[in-house]
Amino acid sequence: MRSAQVYRWQIPMDAGVVLRDRRLKTRDGLYVCLREGEREGWGEISPLPGFSQETWEEAQSVLLAWVNNWLAGDCELPQMPSVAFGVSCALAELADTLPQAANYRAAPLCNGDPDDLILKLADMPGEKVAKVKVGLYEAVRDGMVVNLLLEAIPDLHLRLDANRAWTPLKGQQFAKYVNPDYRHRIAFLEEPCKTRDDSRAFARETGIAIAWDESLREPDFAFVAEEGVRAVVIKPTLTGSLEKVREQVQAAHALGLTAVISSSIESSLGLTQLARIAAWLTPDTIPGLDTLDLMQAQQVRRWPGSTLPVVEVDALERLL
């Protein structure tokens, strides 16, 4: 006997969260809970404004239609990426095919203060990895901050994300302020320039490795080994079903590329599932999941070690 619930939710964000020049005041999304006999599975559907092609209202419409079809015995996955991902997670939990083991070692997001980062890294076992957003301020400032961090913490490796913010000139201005002796400790820089060709040129000219992120979701993208390209950053909420995520990870690994499972600012429920996916598909790589502290609450499932208050399922708005 099948049953299902769909919940709508909204979490207040910290004041300083800006995405693509838009201030994100709340994180809005949906949960689906599928039950069959004694088993149940949960999934999160939370399109990311400015990044997802669909709105959460559109996702809600597709999700409710899919749930009604599933209750009638149809299991075909929807095409909309955020819905496909959430539904496939719920089905995987229901079938017990999403392993419970999780990788909660998130690469901490750094605001540029080395003292703050040293404290965060002190408790991190093994490899010291942190992430810095660049491209929000002047490229020269970004270069100076990155250089300062690498100089202050000799065993640090940085992941940088520019979200295609730079022209070739700005990319050169950034690199000019990063000591060439430190550049090998930049694990990768995600999408430095507005075009892939400019990003490839940046990697060749600076010796700083790059990673593809937005490019993975463009119709002309193909997985190929390229000089200067070291990694792909996979955001499942923007990608689609668990199977599609797994295919992308396998394609990257086959070329010797690092695959990083990364957050699209999901709630704690979605983040804990991403931690499980990371442990399953990319066990040797620290995922990019350090986004929970951008929110003012957790929901339904806790992230280990977080002190944020938890909103239980009874407090959510039920749609079905």
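The backbone N, Cα and C atoms fix where each Cβ goes, and this holds for glycine too.
Here Swiss-Prot has D161, E190 binding Mg(2+), and the candidate from D142, D181, D198, D213 in that same listed site is D213.
Summarising the environment of K133 (active site, proton donor), the number of other Cβ atoms within 10 Å of its Cβ, over all protein chains shown, is 18. The candidate set comprises the binding-site residues D161, E190, D213. Of these, E190 has the most other Cβ atoms within 10 Å. Separating the Cα atoms of K133 (active site, proton donor) and D161 (Mg(2+) binding site) is a whole-number distance of 5 Å.
In the three-state DSSP assignment, the secondary structure recorded for K235 (active site, proton acceptor) is coil.
Cα of D161 (Mg(2+) binding site) to Cα of K235 (active site, proton acceptor): a span of 13 Å. Sitting within 8 Å of the Cβ centre of D161, E190, D213, and not among those site residues for Mg(2+), are the Cβ atoms of R159, L160, A162, N163, L189, E191, A211, E214, V233. Taken residue by residue with DSSP, D213 (Mg(2+) binding site) is part of neither helix nor strand, so it is coil.
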